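Asker: Next up is a structure, given as structure tokens.
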Amino acid sequence: MLKIGLTGGIGSGKSTVASMLEEYKYTIIDADTVSREVLNKYSEILEKVRIQFGDNFFDWRGEFRRREFGNHVFRFPKERKKYESIIMPFIIKEINEKFEQLEKKGEHIVILDAPTLIENNLHEEMDMVILVWVDQSTQIQRIKSRDKLSQNEIINRINAQMSLDRKKDYANFIIDNGKNLIKTKEQIDDLVELLRLYEK
Ligand code: ATP
């Protein structure tokens, strides 16, 4: 089974590309969904969060204040790293289990959609890495109209990630999503052609 990592940067178009690939019936594992699933599945994650971050992120019933916590770790990169070191082993375990199950089911190709694929070294376990790249001014424009963030907030978020240009060094296939969706779809068609060679 071919394991493909799909990655990019904030607002570069990963979800757009993933839904185009879904139309071709590829099976996709969404790392963001997995990161929410593991919170429900492994209670030890929140136990560790409580020990390391304190009771403030839990309400009086003991419910996790997910949004407040998300804002907190987003604002302080060191805190985010601390949280990632707690949750990442669970996410990786879950992703590997999903790959194994899909391989047993007889899938030929499975795509892992993970924004921080490279930052978390998951690319090393993939047979192929696809990067959804976009030029920075288009990226800023798109985030601005989608998320209603200020220019500064957007630039901070872009700078908090590895740059899309650096990610190019890790990619086997680069989709330039800086133009219209028809142009992106054409590149997806080229990719699908390439993957069909593998399936034969
Ligand atoms: P994030 O990781 O931040 O959630 P993403 O990489 O999944 O983002 P998308 O949500 O797919 O990115 O795209 C960002 C925004 O840009 C969306 O509003 C989407 O509709 C728009 N968009 C994506 N690709 C194009 C394109 N080629 N032309 C015009 N708009 C686009």
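Heads up, the Cβ atoms here are built off N, Cα and C, so glycines get one too.
Keep in mind that TrEMBL annotations are predicted by a computer and have not been checked by a curator.
Features from TrEMBL:
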| type | residues | note |
| --- | --- | --- |
| BINDING | Gly11, Ser12, Gly13, Lys14, Ser15, Thr16 | ATP binding site |
Asker: For Gly13 (ATP binding site), what is the secondary structure by DSSP, using just helix, strand and coil?
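Answerer: Going by the DSSP assignment, Gly13 (ATP binding site) belongs to neither helix nor strand, so it counts as coil.
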Asker: Specify all same-chain residues, apart from the site residues Gly11, Ser12, Gly13, Lys14, Ser15, Thr16, whose Cβ lies within 8 angstroms of the center of the Cβ atoms of the ATP site, ordered by sequence.
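Answerer: Other same-chain residues near the ATP site: Gly8, Val17, Val132, Val134, Asn177.
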